[in-house]
């Protein structure tokens, strides 16, 4: 029971909160704030200082797993605060279904992070996927949201079939669904069955799809464009971090030193993601679609760290995805504070000249863009430097050069945002009331981007 206490706690918070919200509909805001407070307290339940594998060696706990879960939950809480303040800003009633879906999605991520066999991993990933489809289509009166969610659901269902097909291959040719058994066969067996390799590749396709890495990235621009901004902050932070940790587990606990998958396959996907993400964003005018391609690009960078055969590679990748999650949240909260209910229409045209009327927000967006480019001494520079340094240190020159090249290409459209704000003709934007939750998040992002490098170094 104690083994799955965080998962049970979050499930109860989600379900009981939903029941109270239905019974006392005029108190949704109070219930919502109580649930956020309970989620903050739940962070402490994720820490387990002793490593243990229970439920027939299928579910693991430990200090590293606890830290991973607490990071994911922390970013989830930020997304919930953004949704609350966004609803207040546009004068819309809080829909408690949003918090229920997100918390159940997090339970799925927690299960996936702790799982040590394929069936449990599949169940966790599918719980996350099903709730994500609903979050993508949460704007019921918006045809773009429904279209994006439908595309996401159809493609996600196809990838689910592939992952199940992969599990059947793994069990059929490997004789087990336990991670340790498959790891032993891949790393200690001179005659590896091709069916086992096919099964692992098919299962990996579902991870790459959820990460939006190329060539399984085509869903993400439409989903980002149609999804509510609060859902996007969750997709681009907590959900992505969770899936990166799951990929780490698969790379370390299943594939191990079997280089045809753990090196060649992931290397190709990393290069494709960097190239598609960098060049795909150049022609975009919508800022939400721009960030979708930016996600593809940055997932490509994260995969560089996954490929590297040492612990430093994993640290570099995890650090980079954390920095990117913070940067993305900062950017989207700035857009909410600028445009309110018109945030979905945010584009290069609508941000023209905002530096004249919204100096603070324009400055923060500029810092976010400079951090994404990797300009020192911002934290984004440190993340890229550490990642590329580790790649060069392990003789991965192709990946490092591709990363540097695509960073230069991406600088074009990141600087284009700054140019539109400071050097273009002014557009009139109505000043919106201050939401202190969003303001606090923005200031924390600013502190992290300016001083995060020094905190990490020391």
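Cβ coordinates are placed from backbone N, Cα and C, and glycine is handled just like the others.
Here Swiss-Prot gives transmembrane segment for one range in the set 340-360, 361-381: that range is 361-381. Distant neighbours of the transmembrane segment (397-417): 267, 270-271, 274-275, 277-279, 281-282, 284, 287, 290, 294, 297, 300-301, 304, 307, 348, 351, 365, 369-370, 372-374, 384, 387-388, 391; these residues of the same chain sit at least 6 beyond its ends, with a Cβ under 8 Å from one of its Cβ atoms. Here the transmembrane segment (30-50) lies next to the transmembrane segment (93-113) in space: the count of CB pairs under 8 Å, restricted to residues six or more apart, reaches at least 3.
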